Amino acid sequence: MKFTKMHGLGNSYIYVDSFRESLPNEEKLPALAVKVADPHTGIGSDGLILILPSEIADVRMRVFNNDGSEAKNCGNGLRCVAKYVYEHRYVQKEEFSIETLGGIVTANVHPSRTGEVHEVTVDMGLPKLKRKEMPMRGEGAALDEPVIASTEHVNGTDYTFTAVSMGNPHAVFFVENVAEASVETDGPVVENADLFPDGTNVEFISIMSETEMNFAVWERGSGVTRACGTGACAAVVAAVLNGKASKDKDITVHLPGGDLLIRWSSRDDHVWMKGQAVTVCEGTYMDH
Ligand SMILES: N[C@H](CCC[C@H](N)C(=O)O)C(=O)O
């Protein structure tokens with residue numbers, strides 16, 4: 001199976017182009033994601049991303065984490081898919097739509113004079129803030145309420161976080177210093193809490209200024225990654241909701257793998273993300 005390995009700020013995936021490659025049967029996709037992601041017996045990545053035709057957008061992206069679970073969205077993946085489909089001339093325009101399980105987004109590539117794409121802007125659409133939209137468990141009217149700096153009791157510990165869905169769920173914690181955040185202990189506890197029927201991604205944020213924040217992430221289904229595009233969007237939304245940042249400003253999110261520029265626009269309430277997209281290599285995977 002031919003593949004392309006790409007990354008956004010070190011958040012890498014194995015991309016399979018279904019316009020060129022016949023895909024394995026549906027039921028084999030989770031196991032394929034686990035196999036190709038393995039750094040020793042596979043190719044090595046945070047998961048698998050499929051590039052597919054779409055009936056409702058210019059192209060469709062499917063995302064599988066390295067545990068085989070399918071995700072509804074992937075910000076770094078969207079930028080790499082946009083780079084790939086533009087450079088392979090599947091689209092002939094610089095602005096086009098991408099279908100995800102979490103909804104349709106709009107990508108804008110910024111090609112160099114040689115037609116290569118190194119940076120992409122994505123309109124990630126509306127953040128979803130209601131408890132039931134994460135989804136999170138709750139009762140009655142609370143399901144229609146946002147979860148802002150809410151303290152929830154998880155496995156005997158109180159956790160205070162803000163919940164934001166970018167099509168996929170994020171629990172955002174504000175900490176003094178992300179370097180001291182207990183990403184690998186609190187991350188999996190929150191990810192797998194009964195509170196989240198579908199699990200959740202877990203972000204740890206420290207605010208540096210009105211337009212800058214540091215970021216660490218425990219991703220649902222992949223663990224610690226160097227970057228999470230949807231997580232960076234969720235972090236900026238959570239910061240605004242908590243009065244720690246403002247809408248309509250380009251906020252630099254410093255992720256372990258590099259920086260993303262995120263803006264929550266008051267014009268249409270959409271979240272915009274701008275960042276790199278890099279092709280690492282192409283090859284043939286010998287499934288076994
Ligand atoms: N682990 C995520 C999917 C990948 C998201 C992340 N890599 C990004 O760039 O947004 C989830 O299960 O929702």
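Placed from the backbone N, Cα and C atoms, the Cβ positions cover glycine too.
What TrEMBL records for ASN11, ASN65, GLY75, ASN76, ASN168, ASN201, GLU219, ARG220, GLY229, THR230 is substrate binding site. Here TrEMBL flags CYS74 as active site, proton donor. Annotated active site per TrEMBL: CYS74, in sequence order. Annotated active site, proton acceptor per TrEMBL: CYS228, in sequence order.
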GLY229 (substrate binding site) and the residue listed as 'active site, proton donor', Cα-Cα, nearest whole angstrom: 6
Candidate with sparsest Cβ neighbourhood (10 Å radius) among CYS74, CYS228, the listed active-site residues: CYS74
Between ASN11 (substrate binding site) and CYS228 (active site, proton acceptor), the C-alpha gap once rounded to whole angstrom: 7
Beyond the site residues ASN11, ASN65, GLY75, ASN76, ASN168, ASN201, GLU219, ARG220, GLY229, THR230: chain residues whose C-beta lies within 8 Å of the centroid, for substrate: VAL63, ALA71, ASN73, CYS74, GLY77, VAL217, SER222, THR225, CYS228, GLY231
Distance from the residue listed as 'active site, proton acceptor' back to GLY75 (substrate binding site), taken between C-alpha atoms, in Å: 7
Under 8 Å by Cβ from GLU219 (substrate binding site), same chain, sequence gap 6 or more: ASP46, ASN65, ASN201, VAL202, THR225, CYS228, GLY231
Cβ neighbours of ASN11 (substrate binding site) where a neighbour is any other Cβ within 10 Å: 29
Three-class DSSP secondary structure - GLU219 (substrate binding site): strand
Under 8 Å by Cβ from ASN168 (substrate binding site), counting only residues of that chain that are 6 or more apart: ALA71, LYS72, ASN73, CYS74, GLY102, ASN201, ARG220, THR230
